[in-house]
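Written below as C-alpha cells is the structure these notes are about.
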Amino acid sequence: MKVVIEADGGSRGNPGPAGYGAVVWTADHSTVLAESKQAIGRATNNVAEYRGLIAGLDDAVKLGATEAAVLMDSKLVVEQMSGRWKVKHPDLLKLYVQAQALASQFRRINYEWVPRARNTYADRLANDAMDAAAQSAAADADPAKIVATESPTSPGWTGARGTPTRLLLLRHGQTELSEQRRYSGRGNPGLNEVGWRQVGAAAGYLARRGGIAAVVSSPLQRAYDTAVTAARALALDVVVDDDLVETDFGAWEGLTFAEAAERDPELHRRWLQDTSITPPGGESFDDVLRRVRRGRDRIIVGYEGATVLVVSHVTPIKMLLRLALDAGSGVLYRLHLDLASLSIAEFYADGASSVRLVNQTGYL
C-alpha cells in the first residue's frame, strides 16, 4: 500500500512551546487514514519537525504501508533524510536515527520539500499542538489522537510505549569448526570460503534493507569479520563489545558432541539439562546470560530508539531472544539458528520487549 505523509512541527520562541502534526493520506491524496498531533513542551523548530516526521512514519507503518511519499516544508529534514545533508546536532541525530529506523520498514520512500501553502493540514495540527504547549507548563503533554490509530508513544496491543531499540541479530558465517559441528567457543577460527560467501550475502541484504544506525560485534575473529563486511556495506564502523563473545566451553572446545559426552558423560548430560552447570574450565549458560544482559543494556542505553546490527554467536543470540521473550531456560534448547542467519528482537524503554523474526536465511 502506498501512502502520502505530510508532517510539520514548530515552536514559539525557537526554542519555546513546541508541537507537531502529521497526517497520512491515501496515495491519491483523497482520504485521510490517520492523523496525529502532540505538544512536546519546550523544543526547537527542527526537533518538532523531526518529531512530526516520526509520528507520520509510525502511523504509516502501523497502517501496513509499504511505500510512502513524505511531504514537508522543512528543507533541513528533507535534505538530511534524503542523505544529502549531514546531521551534526546531537539532539537531531537521535531523532534522525529513529526516523531512519522507521523509514527502513518501507519498500520505497521518498522525501519532497513543499512550500507551507501545500502543507496546511499538518501545519494546522502542529499549531493546535503548539497552542496546547503554550497553555501548559508540562514538558510532555499527552498525545491527542484524532482517529483510531496509534501515535509513536501510545500503547499498542503489547502495552509497550515509545519507539523500541531494535536489534538485528546476525550470527557469524561458517568456520571449519562449525562445518565439523564442533564446540567452538573462545577459540578463534576464521571464516572459511563458505563463511565468506555467507557474510557477503548477508551484508548485501542488510545494505538493501537500510535503516541501521550502528554495528556492534563480538571481538572473536569469525564474528568481527562478519561485522566488518556488513559495516562496509552500510558505511558504518564496528563497535566491539566483549560481552557478546561465545560461551567458554573450556575443555570441550574443539570437541564434537559425541566426544564431549564420551569424555565427561555425567557432566555433559547434566549440562544439557541445567544452565547452572559449567563445562570443565568453562562457563555456564547462566554466566553467559548475565553478561549478555549487561551487553544488551549498554546497547539499549547507547542507541535508544535506533536499529542496531549485533553480530555474535549462537548462544549469545539465543540469550538475547530469550530476554526479549522473557522466557525460561528451556527456550535455549528449542531454538535453531543457522550460520549467518538473522533474527530481530525489540526492547522498549518501559521494559517491554518482543521478537519480530527468528533465523531468516532467505538471502543466503
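Cβ coordinates come from backbone N, Cα and C, glycine included.
Worth saying up front: this structure is predicted, and the values here are computed from it rather than measured.
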According to Swiss-Prot, Asp8, Glu49 bind Mg(2+) 1; which one of Asp28, Asp59, Asp73, Asp91 is annotated to that same site? Asp73
Rounded to a whole number of Å, the separation of the Cα atoms of Glu49 (Mg(2+) 1 binding site) and Asp8 (Mg(2+) 2 binding site) comes to 5
Nearest of the recorded positions (Asp73, His172, Glu246) to Asp8 (Mg(2+) 2 binding site), judged by Cα-Cα distance: Asp73
Same-chain residues at least 6 apart in sequence with Cβ under 8 Å of the Cβ of Glu246 (active site, proton donor/acceptor), in sequence order, are Ser184, Gly185, Arg186, Ser218, Leu220, Ser312, His313, Val314, Thr315, Pro316
Mean per-residue pLDDT computed across the domain 'RNase H type-1' (1-139): 90
Please work out the number of neighbouring Cβ atoms within 10 Å of the Cβ of Asp8 (Mg(2+) 2 binding site), leaving out its own Cβ. 31
Same chain, |i - j| six or more, Cβ under 8 Å of Asp73 (Mg(2+) 1 binding site); the result in sequence order is Asp8, Trp113, Val114, Pro115, Arg116, Arg118, Asn119, Asp123
